[in-house]
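Participant: So TrEMBL lists these for the protein:
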type: COMPBIAS; residues: 129-142; note: compositional bias 'Basic and acidic residues'
type: DOMAIN; residues: 11-61; note: domain 'SLA1 homology'
type: REGION; residues: 106-142; note: region 'Disordered'
Amino acid sequence: MAIAQALGDEPRVFTDQAGRSITAEVVSVQDGHVTLKRADGQSFTIPIDTLSEADVKFLKARSSPEIPRQGPTPAPLNSVVIESLIDGPSELRVKKDGIYWVNGPNAKPGRHMGQEEPTYVDGKSWRPNWKEPRQDRGVDRTATKSVDGIDPLKTEFKLLNVTVNRGGYGIEKRDPIKVSIVEDELAIMIPDSQGGSMWYRFALVKKE
């Protein structure tokens, strides 16, 4: 399949191999051809290899796909970043100046397949205090962890990464996360019905 890439560059001087020049902006590059548009609005398409060597290099550089940035997505300003290993439905509750986990019948956050991974809050390890600490699975909830300055009614959720390994890049395809207000608390429900555990990294953005 041919891929057309719209570039929208500023006008520049293009020169063909015969030495003729024209000032135009790039509209698109497709199948070895470039569409140019002059200042008078007239557009025309020509083979890229009829242009000068410098212009060919310019167009190839502009039409090359951007190399994805590796590593975690930067967090928004004025936010609290949560990272946790999730396998199955788990819910993070945000209350006034604190957070806590509520778990379903599945593995608890960080406890998939006997693992003992903490939840990270702004990069610092938090080992949740469960009511049933000896059980890796099952309906349970944790004690509240203090988070200064957070207000559930003035907090926005932003998903940053979903990856197999902590610190990975991108968002793996999983069930959509559901965010709602329940009894004046922000409820962040992570269904994660797919097989295997994933590291979820998200930001609790404090609104003014």
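Cβ coordinates come from backbone N, Cα and C, glycine included.
Because TrEMBL annotations are produced automatically, they should be read as predictions rather than curated entries.
What does the local environment look like for each feature on the list?
Facilitator: Secondary structure counts, DSSP: the compositional bias 'Basic and acidic residues' (129-142) has 0 helix, 5 strand, 9 coil.
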Participant: What residues elsewhere in the chain lie close to the region 'Disordered' (106-142), defined as a C-beta under 8 angstroms and at least 6 residues from its ends?
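Facilitator: 80-90, 99-100, 166, 197.
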Participant: Report the mean pLDDT of the predicted model across the domain 'SLA1 homology' (11-61), rounded to a whole number.
Facilitator: 86
